[in-house]
Structure formats: structure tokens, C-alpha cells
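Have a look at the structure below, then the notes.
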Amino acid sequence: MPASYPSNYPPRVDHYQTMEATPKAIPETSPETTTEDKLDRIARELHFCPNRIWQMVKDLEENAMVKILEFLVRLRRKKDSIGSQVGHEICGFEFCEKARIDFTGVVQRHVCDDKDCEQYEFKMSLLDEAVEEGELTAWELDCSKPIERPTPYMAVSHVWSDGTGSGPWASGKVNKCLYDFFSDIATRFQCDGIWWDTISIPTGKTTRGKAIATMHRNYESARITLVHDAFLREWEWVDAVTACFAISMSPWFSRGWTALELVKSPKVKIIFRHNVIKDLDQDILSKVDPSIPEHRILSEKIKNLRGGAIASIDRLLGVLRARSTSWPRDIAIISAQLVGASVEPSLSQQEIYREALKKVGEIKSSHLFHNSLTMVGDFQWCPTNLLEMPPASPKDSTLKITKKGGLNGRWLWSSDIKVIKNLVILENMHRVQRSRVTRILRNSDSPQHQYRILIDPKYKKESGLKALLVLEGTRRGGPMHVEFVASLKFHSRMEALKLKIDWNESNVTIVGNNSNRIQSTILPVTPPPLQRAEPSDNNNADNKAKLEAANPDENTELHMAAQSGDTEGIQKLLTSTSPFETNKFGMTPLHLAARDGRTKFVKELLLHHDFMHEAPPFDYQDDDSWTPLDHAIWQCHEGVTKAIFEHRHFSPEDLNDQDEIGQTMLHLAAERANRTIIKGFQLEDLRGRKVMMDIVCESNQNVFHRAALGGSREVIKELWKKAVEFYEKDKYQASKMMLEALDDNDRTPLHIAVQQGNFDAACELADLAPHVLEIEDCDNLTPLEIAIDNNDDEIVQELHERIISNELSSVTGHVYLNIVKKLTAGIPAGHKSLESRNRGGKTPLALAAYNGWASVVERLLRKKANPEAKDNEGKTPLQLALKDAEDDDINSFVVAKLLLRSRDQEHLIEKLTTSEASQVLRMALQQRTQGIAKLALERSRADVHSSGGTLTPFEYAIEWGDQEILDLLIQKTPPISDSNIDKTINLILEKPGSAAILSKLIKANILPLDGNNRRKVILDYAAKNGHIDLMEQILEKVLMVDYTASDSTTPLFDAICFLSFTGHVRIEVVFQRGTRFGSPQNCHQPETFLIENTREQIVKKLLELGAKPGATDENRQTPLFQAVKRGYPGIVKLLLDHGANVNTRDSEGKTPLFFANYETTKLLIDRGASPEVLDKNKKSVLQYAIDQGDTRALDIYSKQGIKNKNKAQEVRDYLQKHPGRRN
């Protein structure tokens, strides 16, 4: 059971093991197990949040829910390619624990290897200035300043739980690696700036409010929106439907702000594992099959957020209820922006909800049947939190929302409320409403009451369980006006009541309430006394400040009407306000109406201009250099563009107007991939006024470059028709000027389509101009190479097929690893494309070798690609495989191995430089490939002591331990350099069989023993590990019986401390023939003899050779201490015979006698050891014996005579009292 599986959850049966036989198998535990239970279990097994699963399936019928279950079962087989969600172990269907956590303090993530890069710091005060001036708050890629419109930029849509927020740092600081990661992606997608809320939301209170209120504009205006979610980045790109599921499950899709960002973004790109980036609309949503139930279900909720502004309350509630935010007020702001309502930052939460409701314009009758307290004044029928509205049914009557917040619609109504007096369910009502309804029903017998009950006439012939309780106002003709009191639910059905109640049907308007009036029908109300306002000198200033706060953009009333699309009273406004008047940002009312898609308002304005016999401001550019048509085209408002195109004052030449960066309207239309708009304009009118198709922007991009960005095959086809017409049916000239045109980066439209990953556009452009596949950009990359670098295997395959079918020769040879079989299957052996070269003279084999694509190299070699072909720099594929490769680069080594073993190409190694040959040798030794290692040693100029930054070939061979390779290396190896010798010795000593390796190296004179320290290290090792052969070798080179080891000991120490041998051990004759001052005698062969007491013999020989018994270790103890401690009386005697000091003291002041047993005590006392020497604790060994009652030791001490008479008497007295002997 996984650790994340809740301990209190019922044990999981391993029924999943039986599901592999059929794709439709579903988990079963018992006949009583529901589909919901199975969904919960498999969600937990796959480490998904159950709440996210439930949000996906809760509105589905049983059979549809089973389809999703079957999909999850199939998904289990792809466990290695899917992501998982941590921290959701205790989540349930109805609640997600992590959705309620505030992630704003999560530390910002690193994408660099060392996780400790520097930070970029942005000057946030520049954002306040940008907001005040109506500019964007996206930053230039170099972080210097905010960009100016209409500079293209990338918006980042993310979740702060990933660590992509600002975290606990001061505002304006981001990790360099993370920003550079986003910046690189922005560059790839032709963006010159980044909008990322972490660095793009101002910190000033006023400007921050303004920025949040217009948050959606940042995504509407972005060239692309990049979705970054750590969960999605764990998912491997498999197919569109799997991607839809991953998106639906992601934390990103569960947040409120990201839903808004998804709705407003023109083009959305999503990052998956290995940084594969896919277009949401083109690569994912367009590829799902709606005829397959699970495809439709998994994609539907995403598609619902890609159709522009939300137009119904039910859709709005469906989006908001499935999502969470860090701040409650954000939901109100998001709701308004989702439906396209304009709200000021100063508005309250209820005022924002009201604007959203006005924008939608209608609700369904069931939306009124909630149990919540309602807003005050206008919209008093609406709950204070819009999310409290219940869902509606398709059958419900529609109620229109008036300007003043009332509701118009048809209702059945009755004043006979006393019949429901005892049927109303009061328990679920809010306490305030319950009290109010109870009092009203209590007084329902009064004939003067003005309360009514309403029911939806759509349910006239059906049983109902609910009605509205309202208070009727004074009738003045027209529909009945009522005030909302409460929604009622009943204990029993209304069928019987319908027979008793006299129902009327009419139009009813539910208006804003007068709470005092409703209250007065229950209890008398005393009006508050009138208070006279005192005059103030500040009144005028306050009023002015309020007006400025309410209208920060300096809009006229006509501007405001244009934003809301309100056409009522427009003629009256036009009599007092000029349609040419601009607001703070240089925008006319036509700009605003065109931008926000107010088609009806645009038509009314155009009619007014016709009436006034004046030309509309089609060519008026706002402060961002955009005309009304620019805005309409970018937002894809087809109704607005059609109205302008059809207007008599519009000319095709208007499409030639350029903005500040040289874009024409045709550039914008092509990029927005709207075929209707492209098709809607005429290339030339009757007056000969013509659209110039060949205009380029500042970056030298024409309309086809922008169409490549947009990615629509149909738009490219439509543009191609117009281009051929523009060049008077000359397709060759049209292709040359439009399809082969290079921008500032030497990229054709095809390059850009491939770079963006736009499959359809790439295929269409490649079909229109196949020879463009041979063109390289400023980075020497062809379109095929770009597709390979982007891991876009679908585009790679399509382009490669066109290269082969068109017999193009200038093929780069890049072949994507995962589809190599498909790409090379159709190429015959020896085909000319195998020897084609790019601008650098590299063949396909050379490029594959350089990139380390072993399977590609293998296949190309089978196709008889030439392994000796040199590029412009004279490099062969083998040399390119080694270029820039590290010693541990397995892919490069495998490529080198393939090249050296292909068709007897072993001679290629002879052409390598010393550095290259040494690299091959190091790789072969590291990968333990004996054949290549031997080849490099025997036929190349490899330097066995060269280093690639880690180990030398010789050191790799030592690590490997292959005797044949070692012997071969020793034959070719000169003495190890002084700089490498210590490292080599240490490496050898770490390996098994070190003594044998050292012995070979010393014998071959490869390991110099000139330095004392090096000899000491090896002797230290040999003495401690009993390698007497090695000791003999070293001592044959130079006699060193008194060297000091790393722990301050000498060989004499080691011989004494060496553990006991089992059996017989050899002692070489070096211990017999060596002399202290002379070199070992080499005239005799070593003789070997066996001896039981090896330790004593070694000590004896060392002493005879001149080893000093007075040498001390780090504790100032001599070998005599060690012999005494270990109870070796023979060695103690040897040491004493060779002059060891019996009373020498160690660092604690103790003599050897302190450590002696009874046998060695006698030896030491006989040789003059004093039992009266005091240690650092001011106690002698004699005193310790007295304290411990050691009469046996005391007896030995007393027989040898104690110099201190008093102490001698004390010992005698003690022994008389304690005649026993210690065992």
C-alpha cells in the first residue's frame, strides 16, 4: 500500500491485476461498490486529488462516469509518463485541503542545477508610472524597463504553489535561472517582453488596485500565454486526450485567476515533460474526437473557457465553483472580467457582482431559490455571494435584468398565502429570513397584506416544491412590481394547493427593496431623525477627488456607453459629446467599442457619422498607435470588423496603415488566425485603392510570417490566394517575395511555423514552397533542425517526408531519435541525401555523431553513409562525436564505438590528435570496453597520463582493475608525473589488490619513490596490512626502518600492533640481509622460511636493522608501551635489550609499568622500572595498586625495594593485613 494511501481507508483489493485483459475492464471490489467508490480508489492509487476527479465527473450520468473510469484504468498502464499530486492524501470528493492553503509565501523555485543562482531585481516603481500612464506592465527581456505597446510579449500563467511567485522575498526579486527559463521561451515565440505577475503587479496601493482590475487586459494583449504548472511538467506528451485530462487535474486549472487567463488569452502554450510545448487549441483541443465520450467529457470544460467571454450565469457559476482563490474578493473581480464587465478598482464586492450581472443581462428563475441573505437596494434578489445561487434547469423561465437591477419575466402569482402557512420549510433558512417569513405567515390572515407568492409558469402543469415570497408595490400601470422577500420550499408538493389557489399569470418586475417598507408590514418603524449636513470648505475638493477616482481614464459618457455597449440614449449623448473626443489614452468611443466587441454600438456610431456626412475615425490612432480596426482585429470581433469593412468610408488602403512597430492590420489578422477577417477585405476597390501585401514590420516580417505565428492552415491558404492575385498570378514571384522572405533572424515563414510548433501551418507552407526546407537561418538551422531541437516529432516526420519526396539535396541530416526508423526507412542505401551537407559542410552522419544520437548513427551507417566525410573544418564524424563531450558522455562514446567498428574503420583512430585519442581511451576505460581501449593503446597517440578534468587513462584503468589492460598500459606508460603521483597512489590504495598493483608499478619503475612522504604512505599501508613482499620491494629501493607513518607510528609500532596471524606467514630475507646504513644486498635471491612467532621475529629484525625503540607516537608512547599493553613479554625483553627506556612517560605522565600485567611487571621492575612515578593525577602505579587492593602487584613492588621508606612501610602493613593474592 502506498505511503500516501490513508491509513483509515478500507484495505485495497488487488483487483487491478485482472484489468489488463481488456481496455474496458473496470475495478470491482464487491457488487455493492459504486462507480464513485471505484473512482475514489483509482484516484488514490494514481496519487490524484479525489476532489479534482469529482469536479470532472460530478455532473455526468452513470454511463459517462464509467467512461472516465475506464480511461483512468487505461492510464494506469502509462504510470511512467504521468504526473502525481503530493499532499492530497486526506482530500475527499467534496473538499481539497490544498485549495485552501495560501501559497503566496512559497519559496521561489530554481531550475538551475546548483539551486543557488543569483537574483534579478526589477525597479518596481517603474510599474506605478506605467499604470498611471496606461502602459503595459510587461518587462523588456533585458529587465531594464516596462515595454511599450504594441511590442509583442509573453504572459505567464502559473500557480504560486509551484514556487513561481515572489515568495517571502521583497517585491521585484526573482531567481535568475527561472527568469531566464521564461525569457528563452519568450524569445522562441517571437516575444520581446514578459508579463509575469510576480514582477508585473505594482506595489502601490492605488496602482495595484488598477492593475488587478484590468488583469485580463494583460492576457488579451499578449502574443502568447505560457502555462507553467509543475504537475503538468511531470506529464510526458502522449496525445491530446491525455493532455486534456492532465490539464483538468492540474492545480493550474483549479484556480480562479487562471480560468480568467485561459478565457482571455488569444493563444495558449502549455509545457509538458522535457520542456515539450504544445498549443492548447491547435495541438490539443482540435485533436480530440468529440464522437468519443471520454474525449468529449475531458475536453468540454476546457473548451468552454476558450470561446470568449462567458455569456450565462450558469456557465459562470460552473467555472467559479470548481475553482479557488487566495482572497474572497478576487472571485468577484474574476466573475466580472469573465463576462466582460468593466469594473473600477474602488468598487465594493457587491458592486462588482452587480456589474457582472448587468453584463450577462439575464438569469433563470431557479437562480432565485437560494437560502442566503441578499444585497441591499438594487439587486436585492441576489445573494451577497454570487456563488450561493443554485444551478438552473434548461426548462426554467428566463428573467431579464434591468439597468436598475430589477428582474422582468412571466410568473404565476397569488395573494392567497395563508394556504401555505403550515407547509413552508423554515429549518434551512438564514435566521434573519426565517424570522421575517415566520412573522409574515403569522399575519397572513389579514386581508390588507400585500404579500404574494410566485411560481415559474413553465412548471404550471407539474408538481412543484418551491415558490417566491414577494411584497407587491403600488401599481401605476404596466407590469406588477414586487420586492423580493425570500424563496420558499415546502414539505409536500403543490399539486393539491393548485386546486385551492386562484393563480394569475402576468409580467412581473422584481425591483430593489425598501427594507423599511418590508419591515413596516411586520412591526412599526420609526424613521430616523433628519440630520442637516454642515457646509464645508472641502466639499468641492472632495467632490472633485471622488469624480477623479470614479473616472480615472477621463472617459466621457459616450466612452462609458461604448465600454458597456449600451445603445439606449446614444443619440442624446451624441448631441452633447463629440464621437471624436479621446480619453486619457487617446481612444475615441469607437476604439473602446471596437476593442470590447460592441457591434451594435459600433453600427450606431457609424450611422451617426453617415447622418452627419462625416468620415468615422477609422484612421485615428490611440496612444499605442492602434486604430479601432486594429483593436477589433486583435480581439477577433468579426461583427465589428465586418461593419467597418462594409462602411462606405472604409478603403482597402486603410489596411496599409502601420503602427509603431510597423504592423499593418493584415499582420494582426494573420497572427490572430481569423480566416473570416482575412477573407472579409477586398484586395482592391473600384477606385484602384489597393492593399499592399508586401509590407514588412520592424523585424522584416511579412503577413506570412505572422500567419505562421497564428498557425492556421486556412488563413495561409487565403493569404496565398491574395498574394498570387497581388503579384498578378505570378506564383514564382509570390513565393519568392512572400514565402522565401527572411526576417531579421534569417527565418522564413516556414522556420517560424516550425519554431512555434504549428503543425498545420508548417505543413501548408512546406507544401507551397518545398525548397524553403533547404534554407538555414542565422543559427545555421533548417526548419527540420528546429523541429528536432524542439522535440516535435510530428513536424519532423512531415518535413522529412517532403524532403525525400522532393529529392532535396541540402538536407541537414538531423533525425529525431524516437522516429528514426520511420524517417530512414524510405531512404535507399547510398542515396545522395546521405551525403548532403549543410552550410558548415556537415553530413547527416556528422550531425548525428555530434549530437550523440547513437541509433541514428547506426542506421545511417547501415545505409552506407561515409564515416570519413570531413566538414569545412576538416573534422570527421568521429572527431565531431568527441567534440565538446565529457569523459562520462555515454552517448558520444557509443557513437565513437560505432564509427570505429563500421566497415573496418579502425584506422580512423590513427588520424585522431593526441588529445582526441586520449579522450577515446579515457571513455573506453571508464565504460570498461576492452576492445576500444586496446585499439587506442595499440594504434593511437593516446597519452595515458592525460586528464579530461577527472581521471587519467591510467587512473581509469586502476579503477577498472582489468589485468590485461593494466599490463598493456604499464608497457606504454612512462614514469608517473610528480603532479599525478600522490593522486595515483591514493587511488590504488582504495582498491582491492592494491599491493599487487603497487608491486608491478615499482618493479616497472613507473612509480617513483623519491619522496619520503610517498614511501612512508606505501610502507605504512604494507606494514599495517601485512604485505611483506611489498615492504621488501620498497626497502630494496631505499632502507627506511624509521619512517614515520600518517599516525606518527613507525614500522616497529606496526609490527608490534599487527593482529595475530593464523598459520604461517612468509618473511622475506630482507630482514636478514639488510643493514642500517647500506643498501640491500642484491647478490642473493630471496629465501623464504616459515616461522610461528612472526611478530617477534619482525620486531627483532627491525631492531637489528636499526629501528629506534625510543620513537614516540602522537600520544608520546614508545613501542615498549604497545608491547606492554598487549602483553608480549618476548618483545618487551627485546626492546629493553635494545635500550628502550623503562621509565619513559607518555602524554598522561604514565610509564609502561602503568599498563603492565604481572608477567611484564616483573620484567620492567627487574630492569629498573619505578612504581613511584606520579602521573598527571599525582598518583603512582603503587598508589593505584593500594587503592585497588592488588596485593599481587604490591608483593612484586615490595620485593624490588621501594625507595620511599614511608611508602614501603605502608605497603608492608597493607600486605600483612591482606595476605591474600589477587587472581
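Keep in mind that glycine also has a Cβ here, set from the backbone N, Cα and C atoms.
Bear in mind that TrEMBL entries carry predicted annotations, made automatically and left uncurated.
From a predicted model like this one, the values you see are computed outputs, not experimental measurements.
Per TrEMBL, repeat 'ANK' is recorded for 585-606, 840-872, 1115-1147.
Residues 134, 340, 342, 553, 555-556, 558-559, 561-567, 570, 579, 616-617, 620-624, 626-629, 631-632, 635, 637, 639-640, 643-644, 647 of the same chain lie 6 or more positions beyond the ends of the repeat 'ANK' (585-606) yet place their CB under 8 Å from a CB of it. Taken through DSSP, the repeat 'ANK' (1115-1147) splits into 16 helix, 0 strand, 17 coil.
Within the model, the repeat 'ANK' (1115-1147) shows a mean pLDDT value of 90, rounded to a whole number. Secondary structure counts, DSSP: the repeat 'ANK' (840-872) has 17 helix, 0 strand, 16 coil. Sorting the repeat 'ANK' (585-606) by DSSP state (H, G, I as helix; E, B as strand; all else coil) yields 15 helix, 0 strand, 7 coil.
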